[in-house]
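What follows is a single structure, written as C-alpha cells, with notes after it.
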Amino acid sequence: MTLQTTPSTPLVQDPPVPATLVHAAAQHPLEQLSAEEIHEARRILAEAGLVGESTRFAYLGLIEPPKTTRQGDVTGAARLVRAMLWDAAQSRSLDVRLSLATGLVVDRRELNPEADGQLPVLLEEFGIIEDILSEDPQWNAALTARGLTPAQVRVAPLSAGVFEYGNEEGKRLLRGLGFRQDHPADHPWAHPIDGLVAFVDVENRRVNHLIDDGPVPVPEVNGNYTDPAIRGELRTDLLPIEIMQPEGPSFTLEGNHLSWAGWDLRVGFDAREGLVLHQLHHSHKGRRRPVIHRASISEMVVPYGDPSPYRSWQNYFDSGEYLVGRDANSLRLGCDCLGDITYMSPVVADDFGNPRTIENGICIHEEDAGILWKHTDEWAGSDEVRRNRRLVVSFFTTVGNYDYGFYWYLYLDGTIEFEAKATGIVFTAALPDKDYAYASEIAPGLGAPYHQHLFSARLDMMIDGDANRVEELDLVRLPKGPGNPHGNAFTQKRTLLARESEAVRDADGAKGRVWHISNPDSLNHLGHPVGYTLYPEGNPTLAMADDSSIASRAAFARHHLWVTRHAEEELYAAGDFVNQHPGGAVLPAYVAQDRDIDGQDLVVWHSFGLTHFPRPEDWPIMPVDTTGFTLKPHGFFDENPTLNVPSSAAGHCGTGSEREHAAPGGTAVGHSGPDTGGQGHCGH
C-alpha cells in the first residue's frame, strides 16, 4: 500500500546491453539477475510474441536451480527466469518461464483469476486509481459534499482481498481510501477522509462500488514531523559517535559470496522476497559445515482489526501483493547504515520489463554486539572478557505508510538472528469516539486502527546435510514426591515431530517451548545429534476469526511453526499468486500431504510478528518496533566455539578514566564517519 506514484527509488532504467554480453562471463547459479539478463529476458519474451504495448511485468526473477544442482556449485549453469505478465488489453495473466541459455520460452500458463488470483499490484496502478476516481461523478460528488476537490485528495491504492461484495469475481481490483493534502509537502495521513471508500476496477478503469455514509469531520492535526513547529528546536546534547575500522572490515565479498569469521554464504535478492540468503556454512577447526540451504522471509501480511465497512477488508500482503524487494530503498551512508559499509545494488524489472538498479539497496557491515563472554574467577586468579560482534546483512523497503527493515545477523558463536524493524506512519482514520473499541486515539480526533504485522520465515535447513528432524522441547514442572522431596525439580520433555501433520505447532511461553532441529546421522563428541534450536518470541498469531477470509488467505499466520518435506515448488507461505486469491491453499495444503519429516530434507516455516495497539508516541512518525527470531547452535559444536576470539587490543580494556578517540581527519571511502545525530545529514 502506498500513496506514492513512483517507488521510493526513482524509476531510472538501465541502458540496453547487446545480448551477446549476457553470457560473456561465467556465473554462479545463485548470482542475482543482472541488468543484461533482464534485458535478454525481455527480448526473449518479445520474440515469443508475449510482449506488446499493453503488456506489463508484474514480476520477473531468477528461477533458482534445484537444490541437488546447487550443491555442486556448477559455474555457468543454465539460467532460468520467471516472468508474470499482465496484458490489460486482453485481460490476460501469464506465468512464463524462459531460458537465458537457449533464448526460448520453456513454459507458459494462463491464470484463471477467480481460482488462481491476480498478479501482484503494478507500480503503474498506484497512480491509476487517482486518475480513475478523479473522473468518477459519484466520487467527486462525495468530495464536494465534504468541501473538497480531487486536487486536494490523495488516494491510497489498497489491495482488495476476497470478500462477499458482489460483482467482483475475476476483476482486477484496488480499494481506495482518501486523505486530504493541504500542500505539496503535507503528510496526508494526518487528514483521513472517513465514511467513504471506493472499490475500483483498475482493468476497466471504473468504480465498481462506492460506500459513502456522508461527511465525517476530517482531523486537523499537523502530521508534518519535520516541521519546526511540531518537532521544536533540534537538540544539541547528542555528541558524535564515531564508528571506525582503520584496517577495514573483517568480511570479504566476491560477487555475491560473503565470508566472515567462519561464516560463508551467498547473498541473493528477489523483487518479491527481498533478501535471500543461500548456502549458509560455518567453518570451525578446519571443517566447513552446512547449516541452512536457503533462508528468506517468504511472506508478510498486515491485517487490520476494525470491522467498519470502510476498513474491514484491510489485509495487505506486502510481499505477495506489493513486492517488498521491488520497493526497496537506496540506502545512505551514515544514516541507514553506520560504520565501514559495503553495498550491493540489486537490479529488478520495472512494469515494462526494463532493468532498474536499486543503488546501495543492500547494506553489509559488522558491528559490536556487546559482551561475548566474561568471568572473574578468584580461585584461578583470572579475569577474562571478550567482546562480541556480528555481521549484518540488511535492506529497507517502503510499502505505503510503513517502512520495514529486514536484518539478518550472524554471530561469532554460530547464532543466527532475523530482526524486522517496523517504522513509518501508522494507518489513520477519523476516530468515531474516544471509546471506539477497534482503534487508538493517537492525536485529537485521529485514530489508528488496531492491526498486526505477521511474517513467515522459510528456512530450508541443512544441518550437516539433508537428513534433518525437528523435536519440540518443553519445560516440565514436577510435583513434590519421593524423588522430589523439596519440590524444586523440573525437567525437559522432547517430542519428535515425525510427520507434517504433527508439526503444526504454537509457541508456549509458560513451557519455555523451543524447537530443536538436528541431524540424526551426524553426532557430536557426546554421541548426540548435532543441531540448532529455534527460539520463538511467542507473540500472538493471527487474531482474526478462523472462518474469516484473511484466516483462509493467511493461514500461515495461524500457527508459529510448520514443518514440511522439501519441495522445489513450495516457496511461498501464502502461495504464488496472493493478490485476490480466495485462499484455502498453500501451507495447510502442503502439510495435508502428511509426508515423513523424520531424518528427511525438510523446510521449517516460522511465523512471528507484532500486534500493534498504536500509542500517542507512534505519531506523527513511529519509532522503530522490532520482531524476529533466533537460531542457536545446540550440540552443533563440541564446546564454546569462540574460545579462540582474542581479547581486545591493548589499551582498549583499561581500568582508568581515560577516553580514547580516533585521530581527527577525513574518513575512508565506505566509512560513515561520525554520527552527528543526523543534523543536516539524513533529512531533506
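Backbone N, Cα and C define each Cβ position, glycine as well.
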Please identify which of HIS293, HIS606, HIS612 is recorded by Swiss-Prot as part of the Cu cation site containing HIS451, HIS453.
HIS612
Which residue does Swiss-Prot record as 2',4',5'-topaquinone, given the choices TYR225, TYR402, TYR436?
TYR402
Second cysteine of the disulfide that Swiss-Prot assigns to CYS337, among CYS335, CYS363:
CYS363
If you draw a 10 Å sphere around the Cβ of SER319 (substrate binding site), how many other Cβ atoms fall inside it, taking every protein chain shown into account?
29
Would you pick out, from the binding-site residues HIS451, HIS453, HIS612, the residue whose Cβ has the largest number of other Cβ atoms within 10 Å?
HIS451
I'd like the Cβ neighbour count for GLU500 (Ca(2+) 2 binding site), meaning other Cβ atoms within 10 Å of its Cβ, all protein chains included.
21
Determine, using Cα-Cα distances only, which of these binding-site residues is closest to ASP460 (Ca(2+) 1 binding site): SER319, GLY325, VAL399, HIS453, GLU500.
GLU500
Distance between GLY325 (substrate binding site) and TYR590 (Ca(2+) 2 binding site) at the Cα atoms, whole Å?
25
Cβ within 8 Å of the Cu cation site's Cβ centroid: which residues qualify beyond HIS451, HIS453, HIS612?
VAL302, ALA422, TYR450, GLN452, GLY609, LEU610, THR611
When you rank ASP318, HIS451, ASP601, HIS612 by Cα distance to TYR402 (substrate binding site), which of the recorded positions ends up on top as the closest?
ASP318
Please report the distance from the Cα of ASP601 (Ca(2+) 1 binding site) to the Cα of GLU500 (Ca(2+) 2 binding site), rounded to the nearest angstrom.
12
